[in-house]
Ligand SMILES: C[S@@+](CC[C@H](N)C(=O)[O-])C[C@H]1O[C@@H](n2cnc3c(N)ncnc32)[C@H](O)[C@@H]1O
């Protein structure tokens, strides 16, 4: 594969038409879940520009003639703030949020000037970013750890985290032992799986040649239910039976063991095929493909912030995952409608609503495609939308819909990325113009919550109220 710098396309080269057809089939299968791909035959001049796989690898080998960059420690990569005290970490995160907030206020000013409107009252005394709420646990807090399976220095098979760079020739897998955010149980799982992979004598994935069988693994554990879930990902192979037999050694150790043959064939080898977790006294079933907040105790702090803000007739839980935010708020609202992209997560959400005796409706699909259908029949007021999108933030269609839906006067924006958060808030809070319709929202509170100690990541809960009801 050759991907020109900063371009949203790539040239793919296949050794034969059989490989091409099987690739197109696999691409089609993954398409509906994440992205839509377009494929076309490269023309002659493009073909001339493309390199063969061998030439590509050779060129890369030549690039490695320079002294390789010194490889950093894996704990610096996974937990870059480990050397700071927890207070210093929180201080650093506060500054990150504050900086993005300042950019947002500046952007609102620019848009007001462009629209020729006068500054709304809230701009005279904008809310302050509140102090970061700390995580109750600052080490071993992750309830989900994703491991790569590959090689250390080209030879030794490892299950751990990727370190180094492909282009510098330093890419390798390292043990997670020094990373303080990972629980011992997950580290032990990595060691055990490593032994099994070695014992199998089947190749681990090699990113240089894009070949090999054992690819990755995900370990989930609940400190509340004490349940564990080991999910192992492999490339398609005629040795699947041998792998399944080997993985039986894990059965007595973990509640559930799952084998996923890429791209998406899921086989539950042992146990129920999910893990159960408790957050704010509500029970949740979490399947291997479903999102769940990775720090359970930190998640309680985060959700409590949301629950304290919500109080209405209808709650739209946008990007709802396993339904956990809506379900946490269930005592404060009459009705919940959740929208989520991943079908397995929606299946979990439906079960979770039942488990907690809550009536809720869940829709599978992209929120940007479903939001109009959901908001169109809405009548009356007192509607809350809680949005909790992935790192890249909300789609423009959703932002537009939030602004134009009558009766939807409260938005609680939960975000793991301050950059996309404040960019989206600019669209929700700027004055109306010919691109952005509907009365603006006003930021009422900005509450950072630390869910990821030892790392620079920070969650935020921002409460917005419609300007017309203030
Ligand atoms: C940060 S997670 C939040 C999940 C849930 N609110 C929670 O607290 O566990 C974001 C969720 O958005 C879902 N998602 C991603 N893109 C989406 C889209 N375009 N439409 C709907 N859901 C989406 C993901 O599958 C994931 O479950």
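Glycine too: its Cβ is placed from the backbone N, Cα and C atoms.
The active site feature in TrEMBL is assigned to 416. According to TrEMBL, the feature active site, nucleophile maps to 416. For 293, 340, 388, the entry in TrEMBL reads S-adenosyl-L-methionine binding site.
Sequence-distant neighbours of residue 293 (S-adenosyl-L-methionine binding site) (same chain, six or more apart, CB under 8 Å from its CB) are 279, 299, 302, 324, 451, listed in sequence order. By a simple count of nearby Cβ atoms, those within 10 Å, the most crowded of the binding-site residues 340, 388 is 340. Each of 291, 292, 319, 320, 321, 322, 324, 325, 414 belongs to the same chain as 293, 340, 388, is absent from that list, and has a C-beta within 8 angstroms of the C-beta centroid marking the S-adenosyl-L-methionine site. Residues 293, 340, 388, recorded as contacting S-adenosyl-L-methionine, have a largest CA-CA distance of 15 Å. Counting in whole angstrom, the residue listed as 'active site' lies 8 from residue 388 (S-adenosyl-L-methionine binding site) by their C-alpha atoms. In the three-state DSSP reading, residue 293 (S-adenosyl-L-methionine binding site) counts as coil. Every protein chain shown contributes to the tally, and the Cβ of the residue listed as 'active site' ends up with 19 other Cβ atoms within 10 Å.
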